[in-house]
């Protein structure tokens with residue numbers, strides 16, 4: 001007896017209907033897969049948002065943003081005076097010292113942009129570190145930037161980038177890593193180096209006809225400018241960080257101590273040892289020592 005054959009569709013249309021009812025509907029499955037995958041996106045995004053909202057992540061984002069902002073500001077400051085010097089709108093000697101003053105003040109004033117995290121000082125230290133790399137790169141001749149050389153050097157030689165300017169940013173790096181914004185020692189030392197030493201040269205070159213008897217490269221008026229500007233900038237920056245709550249200042253004692261620190265820094269700046277020890281090293285080191293003896297690690 002012959003085996004029974006399965007019934008066949010009577011027409012092509014019935015064949016298509018049979019296939020559509022018996023085979024899996026792939027077209028319907030694919031959208032479901034995309035919907036499942038898409039449903040996971042909000043969950044991942046929510047997890048990332050939750051992690052970013054934690055205090056540690058928030059501080060990290062703040063410090064990273066502050067680093068980028070301060071780096072861009074410091075670079076723009078130097079490039080602005082590069083352009084002014086290149087166009088001969090500002091004298092090279094004046095540009096060098098104005099950059100000297102403004103760089104230190106700008107960097108110090110930017111410290112409150114960083115968080116209260118213990119790692120914040122390391123983010124801030126990235127700014128002088130990048131400047132160190134930049135000065136080494138151009139000072140060693142790997143790249144050439146005549147505008148930079150003219151704006152921050154005394155004689156317009158690239159080798160000078162490896163002396164005064166490099167010492168300056170190294171001291172900035174040390175101050176931010178060792179002392180930071182909650183120590184009057186670092187604040188006063190940076191104020192004396194940037195403001196005091198900077199204005200001593202600016203005023204001394206313009207009005208310093210009467211020289212010191214023991215150092216003909218320095219003048220009475222330049223030394224007076226060193227003392228006054230260093231004292232005033234130190235007092236201003238201590239007030240600034242005290243107002244923001246980083247340090248406590250008892251002005252009945254602090255003012256007298258600042259006078260002694262400014263006097264010590266001025267005496268060191270006057271000593272004829274520039275050929276041996278650069279002012280950007282001797283002045284902040286002397287200031288750190290005297291400030292440590294007088295203030296300790298507080299501004300009382």
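Numbering starts at 1 and runs along the chain as displayed.
Including glycine, each Cβ sits where the backbone N, Cα and C put it.
Summarising the annotation, Swiss-Prot assigns transit peptide to 1-36 and lists sequence analysis as the type of evidence.
Beyond its flanks by at least six residues, the transmembrane segment (60-78) meets 52, 99, 102-103, 106-107, 110, 113-115, 117, 119-120, 123-124, 126-127, 130-131, 148, 151-152 of its own chain at Cβ-Cβ distances under 8 Å. The transmembrane segment annotation in Swiss-Prot covers 60-78 (among others).
Sequence annotations record features per position, and here Swiss-Prot assigns transmembrane segment to 98-118 (among others).
Sequence-distant contacts of the transmembrane segment (122-142) (same chain, six or more residues past either end, CB-CB distance under 8 Å): 63-64, 66-67, 70-71, 74, 107, 110-111, 114, 148-149, 158-162, 165-166, 169-170, 172-173, 176-177, 180. The annotation transmembrane segment is assigned in Swiss-Prot to 122-142 (among others) on the grounds of sequence analysis.
Under the heading transmembrane segment, Swiss-Prot lists 168-188 (among others). Within the chain carrying the transmembrane segment (168-188), a Cβ under 8 angstroms from the stretch's Cβ atoms is held by residues 100, 103-104, 107-108, 111-112, 121-122, 124-125, 127-129, 131-132, 135, 234, 237-238, 241, 246-247, 249, 254, 258, 261, 280-281, 284, 287-288, 291-292, 295, 297-299, all 6 or more beyond its ends.
Summarising the annotation, Swiss-Prot assigns transmembrane segment to 227-247 (among others).
The transmembrane segment annotation in Swiss-Prot covers 254-274 (among others) and rests on sequence analysis.
Residues annotated as transmembrane segment in Swiss-Prot, with sequence analysis given as evidence: 276-296 (among others).
If one looks beyond the transmembrane segment (254-274) by at least 6 residues along the same chain, the residues whose Cβ comes under 8 Å of a Cβ in the stretch are 184, 188, 192, 196-197, 200, 212, 214-215, 217-218, 223, 226-227, 230-231, 234-235, 238, 282-283, 286-287, 290-291, 294-295, 299-300.
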